[in-house]
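Residues or ranges marked as domain 'Apple' by TrEMBL: 1-80. What TrEMBL lists as domain 'Kringle' is 84-163, 174-252, 264-342, 365-443. Here TrEMBL flags C175-C252, C196-C235, C224-C247, C265-C342, C286-C325, C314-C337, C366-C443, C387-C426, C415-C438 as disulfide bond.
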Amino acid sequence: GDILDDYLRTDGIWILTRNKQFYRTNNEKECAEKCEAERNFNCRAFLFTRKKLQCLTLAENAKMTVTFNSTDAVLYEKKIYLLQCKRGIGKDYRGMEAKTWRGIPCQKWAEKAPHKPNYTPEKHPNAGLEENYCRNPDEDVNGPWCYTTDPDTRFDYCNIPECEGQVTHTREGECMQCNGEDYHGEVSRTESGLECQRWDAQEPHMHGFTLKHFPEKDLKMNYCRNPDGELRPWCFTTSPTKRWEYCNIPRCTTHPLLSALGSQCLSGKGEDYRGSIAITESGNACQRWNTQFPHRHGWIPDRYPCKGLEENYCRNPDGEKRPWCYTINSSIRWEYCAIPHCDGTEPGTAGMSSDVPMQVPLSEECYQGKGQSYRGTTSITVSGKKCQAWNSMFPHRHEKTPDRFPNADLRDNYCRNPDGDSSPWCFTTDPSVTWEYCNLKRCDDHTQE
């Protein structure tokens, strides 16, 4: 298999670590090879930056240190070091449990007191004998163990749960189509083995994915789901340090019959439109979905196999008001397309008044102070991206909902400043850019009327 299959990928994250090595590599695979071959320390993860083509092998992962956002970075963590459970006798267990089943702290493998160990990091360099973590270097049938810090107890076993006893894998015959939007299985662990948080709970992570707001998304128990059009099913985790994670659901080998779903005309929002119109309503030609020029974007056809992102045809992959496309005009990022309605009315006329809020001349074209009182209808960011609706969780899930900020006027997708930032902002509808400030100027007291 692919070397990267053994790693958990997280985009836009950087971690602080003391032990690291810098390398120049051309891609993530080469960086993974450096991590596998690292001899200066035990490589648990690596960071790769696309712009600089820089590779950093790391002795620590996100569970062990501080993380912060970094747009250009991609963090790859070895899955084996993230698992909280053991498979079989736990020979490959590399978790961080460091006490026996009775609660007695473990002795460090490199120390000689209170017990002189037979198993040391020098004698068994591939057994993961770091710190005082529970391990199974001698393939004991009873599972991971450690020397204890109790002088009267030389060693004892650790209480590591079985991965097989938790629902980390799908039942036989259970798989997902497309991006798993219709997955209704019972997997309730993430791909690194963390237990999922119940959808009806708000601890340890507060969120807006409730049955009340998403009645049709089957948010039962703590089962993995894909309510917001992510790449695949996911869940919030019960770990306070990991907000959410993907689940390991295999893709079905047989594909659904998409031709029956494809429509050549516009009905509803046009999410099933599969026609070949490739020009916007103002006459701009559409950019091909599989290119990143002139506009970079996250709607990559390989990632979304059932969205019909072929050629440069107008589509509606994100639940917009109607089909749209990125344009080949570098100054116009995207526009709606004029698709004929299935009921025979003219394209772009039926439902316009109710479906598409027009950008009318604004009574507020600037904001005062930090813009917390701004109530205009601008919904475009500084780089020309359109804003995501505040009550939507797609493409970005968030906690800035109208329910939580009742006084912030979080209507539609208008620019607002609910959290006291430096100026009005919004989440964007571009999956690769979470949020941006809005295309607004601060009011100048001398010219304001």
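The backbone N, Cα and C atoms fix where each Cβ goes, and this holds for glycine too.
Here the features listed in TrEMBL are placed on the structure.
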residue : record         : Cβ contacts under 8 Å, 6 or more apart
C224    : disulfide bond : Y183, G185, V187, S188, T190, C196, P233, W234, C235, C247, I249
C252    : disulfide bond : C175, M176, Q177
C265    : disulfide bond : Y273, G275, I339, P340, H341, C342
C286    : disulfide bond : A278, I279, T280, N312, Y313, C314, C325, Y326, T327, I328, C337
C415    : disulfide bond : G371, Y374, G376, T378, S379, C387, P424, W425, C426, C438, L440
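Shown are the disulfide-bonded residues C175, C314, C325, C438; of these, the residue with the fewest other Cβ atoms within 10 Å is C175. Counting residues of the domain 'Kringle' (264-342) by DSSP class, helix then strand then coil, yields 0 helix, 16 strand, 63 coil.
For the domain 'Kringle' (365-443), the DSSP counts in helix, strand and coil order read 0 helix, 17 strand, 62 coil.
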